[in-house]
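Asker: My questions all concern the structure below.
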Amino acid sequence: MKTWGSMRSIFMHADGVDWMLMGLGLIGAVGDGFITPILFFITAMLLNDFGSFSFNDETFMQPISKNALAMLYVACASWVICFLEGYCWTRTGERQAAKMRERYLRAVLRQDVGYFDLHVTSTSDIITSVSSDSLVIQDFLSEKLPNILMNASAFVGSYIVGFMLLWRLTIVGFPFIILLLIPGLMYGRALIGISRKIREEYNEAGSIAEQAISSVRTVYAFVSEKKMIEKFSDALQGSVKLGLRQGLAKGIAIGSNGIVYAIWGFLTWYGSRMVMNYGYKGGTVSTVTVCVTFGGTALGQALSNLKYFSEAFVAGERIQKMIKRVPDIDSDNLNGHILETIRGEVEFNNVKCKYPSRPETLIFDDLCLKIPSGKTVALVGGSGSGKSTVISLLQRFYDPNEGDILIDSVSINNMQVKWLRSQMGMVSQEPSLFATSIKENILFGKEDASFDEVVEAAKASNAHNFISQFPHGYQTQVGERGVHMSGGQKQRIAIARALIKSPIILLLDEATSALDLESERVVQEALDNASVGRTTIVIAHRLSTIRNADIICVLHNGCIVETGSHDKLMEIDGKYTSLVRLQQMKNEESCDNTSVGVKEGRVSSLRNDLDYNPRDLAHSMSSSIVTNLSDSIPQDKKPLVPSFKRLMAMNRPEWKHALCGCLSASLGGAVQPIYAYSSGLMISVFFLTNHEQIKENTRIYVLLFFGLALFTFFTSISQQYSFSYMGEYLTKRIREQMLSKILTFEVNWFDEEENSSGAICSRLAKDANVVRSLVGERMSLLVQTISTVMVACTIGLVIAWRFTIVMISVQPVIIVCYYIQRVLLKNMSKKAIIAQDESSKLAAEAVSNIRTITTFSSQERIMKLLERVQEGPRRESARQSWLAGIMLGTTQSLITCTSALNFWYGGKLIADGKMVSKAFFELFLIFKTTGRAIAEAGTMTTDLAKGSNSVDSVFTVLDRRTTIEPENPDGYILEKIKGQITFLNVDFAYPTRPNMVIFNNFSIEIHEGKSTAIVGPSRSGKSTVIGLIERFYDPLQGIVKIDGRDIRSYHLRSLRQHMSLVSQEPTLFAGTIRENIMYGRASNKIDESEIIEAGKTANAHEFITSLSDGYDTYCGDRGVQLSGGQKQRIAIARTILKNPSILLLDEATSALDSQSERVVQDALEHVMVGKTSVVIAHRLSTIQNCDTIAVLDKGKVVESGTHASLLAKGPTGSYFSLVSLQRKVRYV
C-alpha cells in the first residue's frame, strides 16, 4: 500500500493528456524492447542460411534477400514505435515536472513563518526540492522509466525467442541471469553510497570556498587566505579518498561483466552438444546463446534503473508532503471575518509567546498592550526584549501560546489572514527586494497601482531623486536581493512599497536606520505624514523616530515596564529616561559624519547631487576598473586556446598511474574484437560435420572465453583505478590552485557580475568535475576505443577486405545514430536544467524574502513570475520532444537497415565466391560490437567540447595577473609600523563608474598613534579612504603612503598584518564563535585566555557565556544564528585579538543598542590608545573623542581639526553645520 502511495506521488501531477501520452509511450517502450528479439529471430534464420551454403546452391540468395527485406519491414515499424516512446515520455515528463514545480512553490509560499523557522534550515532545502527533486522525477519519467520498460520487455522477448528456437539451451542458460545481474546491482549500490558521501564531502569544501569568496574583503583584511586554502584542501582530501574507492568499485563492477564471456563459453559448449546430439543448426544455437546473454543483460539494466524508482519515490513523497501540508496559519483559507470598516485599534491581552524554534525561551510573559486607533506607538527596549515580536504577532507570522490579540475588539485569529495583512504596511530593518525593476518592487505593495501612484510613493519616501538619476529610471533592475542598490536606497524603495499600499496600520521596524541624517529627516517627515490617521507602531534606536510618538512603551524581559508620552516618561525618571540621557550625552558633544549634508542651506544640492552610497559605488564602479585594466592585460580579454597538453602536465606527478591506466585500457580495448572474432569462429564450428572437430575446437574456444573473462576483470580494475587516481588528484590540484589564485585577485575583480561568489564556486565545482571526467573517464574510454578500432580493422582487413570496407563505410551511420540518440538525451537534460535553474533562482529569492511575501500577500505575484520564467524553456522542451521522437525512431530504424545491408552484401560476396561463410561469421560480430563501442566514444565530442570550455575557464583563472599583487617578491616586508598615513594628491573613481570622480587631488595626513574621524555626506569618499588604505583599490593618480613609503612598495599581506578592519556589516564565517575570533591571528595557537579577554573587551563575553555552548556555539552561515549586535561584537573581538597598529572602524558600532554601544565604544577607545585609528560613523559617540576630525565634501577635505576647534568656527564652518543639522534632526 505504501509502495502504491509512493508511485502515486510520482504521477500525482498527471492530467488526462499526460495519461494518454504515458499510455502511448508504454506501447512504444514495450515495442522497442521486442524489436531486438525479433531481429534475433530473423538473424538465426540468416545465419543458418549462411552456414548451409554450398557452391552448387543457386537459390542461396533467395532466403537471404527475403530475410533482409523482413529486417527492413521491422525497421519501418521500429520508427513508429520508437517515435511514440521518445516523444510521449519526453513530453509528459516536462509537463508533469512544470506542474510539480508550480504546485510545490505555491505550497511553500503558503506555509507560515514558523514552519520556515522549524523545518527550513537553509534556502538550499527548498531549492533542492524545486530543482533537484523535480529534475529527478522529470528525468525518471522522460528517460529512466521508458528504459526500464524497454529493457524489461527486451528480457521477456529474448527469452520468448530463445524458448521458441531452442528451449533446452534457454532453460540451461536461465540460471545464469543471476550472474549477469550481480555486477550491475553491486556497483549500483556501491556507487549510490559513495556518490552521496562525495557530495557531502565536497559540500563542506564548497562551503569554505563560498565563504572565502563572498567575504573576500574580510579574508584579505585579516590575511586569512592561507588559512582558508588549508581548510579547503583538508576538506577536499575526503572526497579524493572516496573518489578512489569509487574508481575501484567501478573497476570491479565493469570487470565482473566479463562473466558474460564465461557464460558464453559454457553455453557454446552446451550448444555444441545440441548440434551433435539433436541436430540443431549452428545459427539457432548461437542466436539462442545471444538471446540468453542479451536478455540477462537487459534485465540487469532494468533492475539497475530501479534505483531511480526509489529516488523518484523519495522525491515525489517529499514534494507531495509539502503540497498536502496545511499550515496552522493558512493565508489561502478564505474563511474568517472581514471587517466592513476598520479603525485600527490594537490590543494585546495577557499574551504569552515562545518562538517555535526556541520553545525554551519565553519572549512575552502576560503582555498587555493597547494601541488606540490613529495613534503612533513607539516600542523601545534592549536587544531581545520582544519589540519585533509584537509586529510579528500582529501580522500573524506566529500565534501566541496564550492570550488574545484584538483589532477593533475582534480577535485576529478569527479574521481572514490575507485580508488582515492587506490592512498593514511593513518596513523592516533589513529591506528585502526582489530581482526585478524598482517599479515592480514598489508594486509589490499594491499590484493594481498606476505609475503615477508609484512615483508619488517614491517621492514620499525620498526615493524619486536617486531613481530618476538612473539611466533606466524606474525600470532599473535592483539585482538579486537588491545588490545593485545601496542600503539607504533599498530602504527607501521598501518605504515606498509600504506607502503605496495606504495601510490602516503602519509597522516600522527600524524603518530609517539605513538612511543618513538628511534623508532620515525628509523620510521621517514623510512617515509622520503617512502616520496621520493611521495606527502606527514604530521600533527604533534613534530618538528622531520616537520623540513625536503619542505613546512610548518600554519593554524589558517580555513585559512593558513603562508607558506614556516622551515628556511623561522623562518626568518619571525611569528606564526610558536613562536611555534618553545616555543618547543625549553622546549627541550633544559630537556630530554625524556619513549621512549629513554640509549645511542646511546646502542640503538640497547635496541630496540631489550625492544620492549614492559609497558602498553602492564600490560595488558598481569596480567592474569598470577590470574593464579598463583588461585593455592592458590581454589574457583577461582573449579566451585561451584550451591546452590539453598543459592539463596533462598538471597530472605529471601521477605519471606511473597514467602509464598503467593507458596500458590496461589498450589491453581492455583489444578484448572486445578478440571475443567477437572468437565467437564468429565458434559459430562456424557449429556448422562442421565432423563431431571430433567440433569437440576439439569447442574445448579451445571455451578455454579462451574463460581466459578473456579473467583478463577483463583484472585489466578493468587496473584501468579504472589508475584513471580515477589521475582524475581525483588532478581535480584536487586544480581546485586548490584556482582558489589560491582567486584569493590573489584585486577586490574589483569580484565586483564583476560574472565573478559573483556563486559563479566562482560553480566554476570550482563544475569545471574541476568536468576536467576530472575528461581525464578520469573520457581519456580511459578514448584509449580503449582506439585500441578496439585498431584491432578490429586489422583483423577485418586481413580476413576479408571487401566486406570490411563496406562494413567500415556503414559504421559512420551507426555511430551517428548512437551519437545523436545520446547527445539528444543530454540536450534534453540541459533544457530541463535551464527550466529548473530559473525556478530555483525564483524559489531561493522567494524563500529568502518569505516574510516580505507573507506581509504583502504576494504569493500570486511570485507564481506569475514563475510562469514567466518557465515559458521559454517549456516551448523549447515541446520542440525537443518532437525531435527526441523523430531521432529515436530514425536511430533504431537506420541501425536495423545497416544490419540488413550487411547480411545482404555478405551473402552476395559468398554467392560470388569472394568470401567464405566462416569469414562472414568472424567479421559480422566484430563490426557489430565495434560500431557500438565507437558510438559510445563518439558521444564524447560533447564532453570534449564541454571539457574544452572548462579547461579554458581553469587556465583563464590560473593565468590571470592580478593588478594588486599580494605576494610581490620585491615588496618591502616590515616587522613593525608606526602608522603614519598620508594621502597625497589622490585621484580616484570606482571602475564601474569612471566618470563619477570620488577623489580629485585629495590629500590628508593621518598622524601615527592618533585617532582621525572622517565625516561628510554620502558619496564624499569616507569608506573609500579605508578601501585605499587596505589597498582593496589603487588610486588612479597620486600616492598613498604609510610611514613615508608608497603603499604599493610594501609586501601587501605583510602590510595587512598590521591593520584591522571592522565594517558596518560584520562578516562571520560558518564556524564556532571561538573560530571566528581566532581569525584575528594568522597563527592557530592562541591561548583560551586571550580569546576570552578579547570577548570581554568587546562586551561579548557575557552573551557568549549565556549560550548553552558558550564559545563553541555554532554561528551558522554568515553568523545567521546571531543577532546583528552579537555579530558586531564578535567582529570587534576578532580585531582586538589581532592587536593592529592601524585600526579601521567603518560604522563599527552602528548595529548596537545604546547601552551596548557605550560599553563597546569605551572598549574601542581603550584599544585605540597608541594606535593609528581611522573612524567612520553615523553615530556621534564614535568620533567625539577623536584627536582629529576631517570633513569631506565632493572628494576633498574642506575642514579638519578637533571637535572643539571645528565647533569654534561657528555657523560658517561645515562641521558646525553638521552638528546643527544633527541636533535639529535628533530633537525636533
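Residue numbers in this text run from 1 along the chain shown.
Cβ coordinates come from backbone N, Cα and C, glycine included.
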Asker: Look through Asn151, Asn1001 and state which residue has the annotation N-linked glycosylation site in Swiss-Prot.
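Answerer: Among Asn151, Asn1001, the one Swiss-Prot marks as N-linked glycosylation site is Asn1001.
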Asker: Based on Cβ pairs under 8 Å, which of the stretches 171-193, 251-271, 667-687, 881-901 lies most in contact with the transmembrane segment (283-303)?
Answerer: 171-193
Asker: Counting Cβ neighbours within 10 Å across all chains shown, tell me which of the binding-site residues Gly381, Gly382, Gly386, Pro1017, Gly1021 comes out on top.
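Answerer: By the 10 Å Cβ neighbour count, Pro1017 comes out on top.
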Asker: Work out how many Å separate Gly386 (ATP 1 binding site) and Asn529 (N-linked glycosylation site) at their Cα atoms, rounded off.
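Answerer: Counting only the Cα atoms, the answer is 27 Å.
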Asker: Taking only same-chain residues 6+ apart in sequence, whose CB is under 8 Å from that of Ser385 (ATP 1 binding site), what do you get?
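Answerer: Correct list: Leu555, His556, Asn557, Gly558.
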Asker: Short question: which residues 6 or more past the ends of the transmembrane segment (22-42) have a Cβ under 8 Å from it?
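Answerer: Distant Cβ neighbours of the transmembrane segment (22-42) are 11, 14, 67, 70-71, 74, 77-78, 81-89, 92, 145-147, 149-158, 160-161, 164-165, 287, 290-291, 294-295, 298, 892, 896, 899.
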Asker: Return the residues near Asn529 (N-linked glycosylation site) by Cβ distance under 8 Å, restricted to its own chain and a separation of at least 6 in sequence.
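Answerer: Correct list: Ala460.
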Asker: Okay, the transmembrane segment (145-167) and the transmembrane segment (700-720): do they have at least three CB pairs under 8 Å, pairs separated by 6 or more?
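Answerer: In this chain the transmembrane segment (700-720) does not contact the transmembrane segment (145-167) - fewer than 3 Cβ pairs sit under 8 Å.
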Asker: Of the stretches 69-89, 145-167, 171-193, 251-271, 881-901, which racks up the most C-beta pairs under 8 Å with the transmembrane segment (667-687)?
Answerer: 251-271
Asker: Given a 10 Å Cβ-Cβ cut-off, pick out the one of the recorded positions Ser383, Asn755, Asn1001, Ser1020, Ser1023 that has the most other Cβ atoms nearby.
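Answerer: Answer returned by the neighbour count: Ser1020.
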Asker: Of all the recorded positions given, namely Asn755, Asn1001, Gly1021, Ser1023, which is spatially nearest to Ser388 (ATP 1 binding site) at the Cα level?
Answerer: Ser1023
